[in-house]
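Take a look at the structure below.
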Amino acid sequence: MPAATDLANAWFAKRGWKPFAFQRRVWAAVERGESGLLHASTGAGKTYAVWLAALRAFKPRPQGRHLAPIQVLWVTPMRALAADTARALQAPLDELQLPWSVGVRSGDTNSAERARQARRLPSVLITTPESLTLLLTRAKAREDFATLQLVVVDEWHELLGNKRGVQLQLALARLRHWHPGLPTWGLSATLGNLQHARDVLLPQGGLLVQGRQDKALQVDTLLPKAIERFPWAGHMGLKMLDQVCHEIDASASSLVFTNTRAQAEIWYQALLEARPDWAGLIALHHASLARDTRDWVERSLKQGSLKAVICTSSLDLGVDFLPVERVLQIGSAKGIARLMQRAGRSGHAPGRRSRVTLVPTHSLELVEAAAARQALLAGHIEARFSPRLCMDVLVQHLVSMALGSGFRPEQLLAEVRSTWAFRQLRDSQWQWALDFVCHGGSSLTAYPDYQRVERQADGVYRVTSERLARRHRMGIGTIVSDANLQLKYWSKGGGGKTLGSVEEAFIARLRPGDTLVFAGRVLELVRVENMTAYVRRSTARKAAVARWNGGRMPLSSELADALVEQLDAAAHERFEGPEMRAVRPLLALQAQWSALPTTSTLLAETFKSRQGWHLFLYPFAGRMANLGLANLIAWRVSRAQPLSVSIAVNDYGFELLSPAQVDWASHLPQALGTADLLEDVLASLNAGEMALRRFREIAQIAGLVFGGYPAAQKSTRQIQASSGLFYEVFRKHDAGNLLLGQARDEVLSEELEIERLHRQLLKMSELQLDLQALRRPGPLAFALLVEGMRETLSTEKLADRIARMVAELEQAANAG
């Protein structure tokens, strides 16, 4: 075995590699016991920078009959990454014959492995934030982690901006309490605010190491054979099917990314119908497929035996697929960081080029494609910010820490305040959380199930009920979704193969005998019982495609700004790049019939139709912020003039349709102020209903609502009813309940993007209003008209109506 200081160099030399400067810097920092955040492009060698640093610093030696106890804790955001990471970490241990073991602990870990880990944790444990918290609830958790020397948080950018990251901050605070100064390293890519990312992970300070960012990245676009001058969203992009087939054919192995699981299912079916000879050579991958199916797809990708995989964000992160030569993105990626992340799935190794090809689903996405490439070259990457003062996560953490050995309030308070998320936690907030887990707050004191934590005679707070402890452990985590039904093949004797899971709301719309598309198969629904939908294969040609909530992502601010810059250039007759030259006829028509948005103007259009008077406004603020702006402006104008409006939005702008004419030239400038923004936004929307929806998630995280045991899961309707009851009880009898306030704050920050709304209003008020009266809707307005009709027409009627409108508008455009 080489000397410890030569371990890394020896292993690199064995593979014909030379360490990069950033890798050497990390090695030296870990040897000094320092912490840090390593930021480098995908596939640049971050994993081995930190892993080989650990081997050099901690000098593995034989420990008698046993392999070394736990030395390194490796936290990953996805269970799918754990096995892949384990293989990557095991390789140098095997080749250098080092006496360390590597183990995985996640929701997929079998009972035999869990039992082994209960006796002794492996030298290196790869786990998720949820499983780490579960390990910390054990009575001997401190003893289990007594030999821990290093924590590594992989893909930190994926955890930073959500409650899973907050949960991890609290877990790390517990480990740091046991091991003051515990070295911690975060690994990150595609992030625009590195200082904040480092400060959240390392509140005591640490290094910021910038890795190689010069990885070759090629971004190109498949240009449609014909440019539609009247585009509309909602296409699956299947007009590009032949061209996508040609691109897949030209590469040994490709990933085809879609933004939704339903779109992935549709594209998989379409590709197989277009190329039956690809059966067995292409595959489908998304989070709702059965684990063994996803494992098979990932193994086959690694082995290079698949021509293409149609996938969603389930393959966004760090799984290492060396054979993948290129990535195709169907539709807009909606953000620069997401596009970079997906591009990095190809050429996933130092020195190799990554290539992503954008496949527009409608003509305006050509402008987005040009904007995305320009923003990538300029390095404009989205920032992510940690949530603050998540009281539901704190309540869950208090109960978790009361399990096992329990906690003393003063010591745990110091721990909690050492995290970035709770550094400003007030004494009153802490006392409320403590009272809530002990007594259920001021409104649940009569119910024993909500008196989860008890103060013992020795001053230690513990959970004494085994039943409540078991329920709590099953609910640990912050990932909340609608109840899912297992999808299984029907077998009279039971025990049919599991295909995956679908949302209860989708299955509720089907009756036995109806057909659906799932996992690339056409299936017939047989029956539904005990949260399981039983199906059999079907030969039907048409079927409903399984749908999941959460499919529409808003356009990021960075991509939206880059998009407006491209339109500004077009307004000044500059059409750079193949995408902008291709879409020039559409933009020329927009300029002829109206005007193009620019960086110095705010385009607004008015139009009279049989439906009424239309206002189209284009802030380019993303779907959610545009929805907030539309409601805000309609409400503010209605105070001066009684107004009944219907609203349609997309990422570029919104439509207000009213039965009466409105003097927008005088009303709009007044409606764009930021004064009283919070009050006006809350008044303009059904904020109570939105807060109730958000409270359902908060109630589950805080442990108020139990989702049921594995064999007896509660339905979405049951969970909604329970959380709705709590919401009303708190609203009427416990108005100071901090979970209610949190629900409102989350609606404002996450659903209405109040900060973005504020910034957008400031920006809009500084722009010159360009109000155009239209004789007929132009390309930008047409996209919004279709969004409005989508709410009132069936799919077939909508398609017919759009076809007639396009024919009429094309005739007018051709007539000049």
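Along the chain as shown, residues are numbered 1 onward.
Cβ atoms here come from the backbone N, Cα and C positions, even for glycine.
Summarising the annotation, Swiss-Prot assigns ATP binding site to Q23, K46, T47, D154, E155, L328, R345, H348 and lists similarity to another entry as the type of evidence. Residues or ranges marked as domain 'Helicase ATP-binding' by Swiss-Prot on the basis of sequence analysis: 27-193. Summarising the annotation, Swiss-Prot assigns motif 'DEAH box' to 154-157 and lists sequence analysis as the type of evidence. Taken from Swiss-Prot, the feature region 'WH domain' covers 403-480, and the record attributes it to similarity to another entry. Among the features that Swiss-Prot reports, region 'Domain 4' is placed at 481-816. Per Swiss-Prot, site 'Wedges between bases of the loading strand' is recorded for K497, and the stated evidence type is similarity to another entry.
Recorded features from Swiss-Prot, shown on the structure.
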{"residue": "Q23", "record": "ATP binding site", "DSSP class": "helix"}
{"residue": "K46", "record": "ATP binding site", "DSSP class": "helix"}
{"residue": "D154", "record": "ATP binding site", "DSSP class": "coil"}
{"residue": "L328", "record": "ATP binding site", "DSSP class": "strand"}
{"residue": "R345", "record": "ATP binding site", "DSSP class": "coil"}
{"residue": "K497", "record": "site 'Wedges between bases of the loading strand'", "DSSP class": "coil"}
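Under DSSP, residues within the region 'WH domain' (403-480) fall into helix, strand and coil as 35 helix, 5 strand, 38 coil. Counted within 10 Å of its Cβ, the other Cβ atoms near T47 (ATP binding site) come to 19, all protein chains included.
Long-range neighbours of the motif 'DEAH box' (154-157) within the same chain, counting only residues 6 or more positions beyond its ends whose Cβ lies under 8 Å from a Cβ of the stretch, are 37, 47, 74-78, 81, 85, 165, 186-191, 197, 201, 317-318, 337, 384. Within the set of recorded positions (K46, R345, K497), the lowest number of other Cβ atoms found within 10 Å of a Cβ is recorded at K497. Rounded to a whole number, the distance between the Cα atoms of K497 (site 'Wedges between bases of the loading strand') and D154 (ATP binding site) is 33 Å. For the pair formed by T47 (ATP binding site) and K497 (site 'Wedges between bases of the loading strand'), distance between Cα atoms is given as 36 Å, rounded to the nearest Å. Across the structure, E155 (ATP binding site) and K497 (site 'Wedges between bases of the loading strand') place their CA atoms 33 angstrom apart.
Cα of R345 (ATP binding site) to Cα of K497 (site 'Wedges between bases of the loading strand'): a span of 31 Å. Counting every protein chain shown, the Cβ of Q23 (ATP binding site) has 27 other Cβ atoms within 10 Å. Of the recorded residues, K497 (site 'Wedges between bases of the loading strand') and Q23 (ATP binding site) place their C-alpha atoms 46 Å from one another. Under 8 Å, Cβ to Cβ, and six or more positions away along its own chain, L328 (ATP binding site) finds L222, V244, E247, I248, S254, L255, V256, F257, V356, T357, L358, V359. The local packing around E155 (ATP binding site), expressed as other Cβ atoms within 10 Å of its Cβ over all shown chains, amounts to 24. The Cβ of D154 (ATP binding site) has 24 other Cβ atoms within 10 Å, all protein chains considered.
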